[in-house]
Amino acid sequence: MQFKQDFFTQLPEFYSQVYPQGLSHPQWLAWSHDAAQLIGLTQPTDELLLGLSGNAAIDGATYYAQVYSGHQFGGYTPRLGDGRSIILGEAIGPNGAWDVALKGGGPTPYSRHGDGRAVMRSAVREFLVSEALYHLHVPTTRALAVIGSDMPVWRESQETAAITVRLARSHIRFGHFEFFCHSERGRADKLLQLLNFTITQHYPHLSCDPSGYKAWFLQVVQDTAKMIAHWQAVGFAHGVMNTDNMSILGDSFDFGPFAFLDTFQEDFICNHSDPEGRYAFGQQPGVGLWNLQRLAQALTPVIPSDDLIAILNQYQEALVQTYLLLMRAKLGLTTLDKSTAEQDKQDLELIGQFTVLMEKNQLDYAQTWRQFGQLDPRSQHSSLRDDFIDTHQFDTWYKAYQLRLGDVTDIAAWQTERNSVNPKYILRNYLAQEAIIAVEEGNLAPLQRLQQVLSQPFAEQVEHDELAKRPPDWGQGLIMSCSS
């Protein structure tokens, strides 16, 4: 790997230098060839294993943990930072640079009495979801690899330590800006330095002046809205949408007790540490705006409040338009025959009515959408109908859907298009759990198989049909722990 060190050299007050503590008896558990290509790598090697497990220095790496703060479950925590993630620098790839981070690399000055380690189960989950979201076309950070070990660590019980090697276009979070506004009062110079660095590195088409700052914040608002719209369309619940887990670039980031929906449930909670459902699936769009408002508060020293409010008011439109684009594709609604505002309203109602029916009839979210690839929309008797207990309500909705859809002349092409946007395979929690159990038993084959299947989520892959089935009773709607 070839590194540059722009963050390290230009922002010395934004991190602490710290070196990883090596894993004992490291071994490759997972490797993403797609992600490896981003930074010019091909195969996992013994030399790379030693370096990424913290047992040998990597040429050009600097090793540091970033400092930031954030709002966690609505309350401000003035000092957080990378408690178990150590960044090596920005690896230069064929199409740009990517931060390389060792998540689970050992304690840092921000570990807050923690051991700085990640357990194998959380490392595998983060790897799988990073790559699964990417192949579902959801904006996300990436995962290069998982490195296992025989090092014992204690959570609720004894587990083994592992490292997820994360790739990110940037590790700058909303919480970085909050830290230098709230926790380090009187350091507006540092806030401005961070803002100028972010724009120069990631928004080079913008200028570092008042007009450029406003254009940048608008881009952040729109990118965040688009990311969350993708979550809602694909049925993804993040679980811990604290502001320190929000990427400034609008990439899905810092995965913990996440879940993809099994049966559709608007108020689904995937995190057992969130009993009130602050971060429930249906709350995510509102939380996204709330988090952006906290970011806006941190930016008041450099952007006038009136401008920030005006830009925040554009969040809803960006969210709705992206969501409509994605959901129209899932339904095959490709024509607009009325004024945009009126059609948008009617389409949102049509989509909302369908998801309400899905929830009322306890239908599997992914499987139901996938059936549109076998649907003949010209037929008066939908193949979907038998899945609904309340067939009368479905018939009413289906007539409205057919009316909105209009004429479909090439059924085969229409069905192929539906299958290209409605995945057959998603990362169900029970599948991840089965793969983790197999790894614990020394068997990597189920993990490798799951990774391969999730890299082609829209393909039929009939030999893997069982991975598309609804979960067994024990795996339905699993709620995960934050411990990792």
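Our numbering is plain: 1 for the first residue shown, then up by one each step along the chain.
Each residue, glycine too, has its Cβ placed from N, Cα and C.
According to Swiss-Prot, the active site, proton acceptor annotation covers Asp244, on the basis of sequence analysis. With a cut-off of 8 Å between CB atoms and residues at least 6 apart in sequence, the same chain places Tyr68, Ser69, Gly70, His71, Gln72, Thr77, Leu80, Arg173, Phe174, Gly175, Asp254 near Asp244 (active site, proton acceptor), listed in sequence order.
According to Swiss-Prot, the ATP binding site annotation covers Gly81, Gly83, Arg84, Lys103, Asp115, Gly116, Arg166, Arg173, Asp254, on the basis of sequence analysis. Look at Gly81 (ATP binding site): DSSP puts it in coil. In this view, Gly81 (ATP binding site) is surrounded by 23 other Cβ atoms within 10 Å of its Cβ, with every protein chain counted.
According to its DSSP assignment, Asn245 (Mg(2+) binding site) is helical. Here Asn245 (Mg(2+) binding site) comes close to Gly70, Arg173, His238, Phe253, Asp254: these same-chain residues lie at least six apart in sequence, with C-beta atoms under 8 angstroms from its C-beta. For Asn245, Asp254, the entry in Swiss-Prot reads Mg(2+) binding site.
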Pairwise Cα distance maximum in Å, ATP-binding residues per record: Gly81, Gly83, Arg84, Lys103, Asp115, Gly116, Arg166, Arg173, Asp254: 23
Asp254 (ATP binding site) - helix vs strand vs coil (DSSP): coil
Fewest other Cβ within 10 angstroms of its own Cβ, chosen from the binding-site residues Asp115, Asp254: Asp115
Cβ-Cβ neighbours of Arg166 (ATP binding site) (radius 10 Å): 27
Protein Cβ atoms within 10 Å of Arg84 (ATP binding site), excluding its own: 21
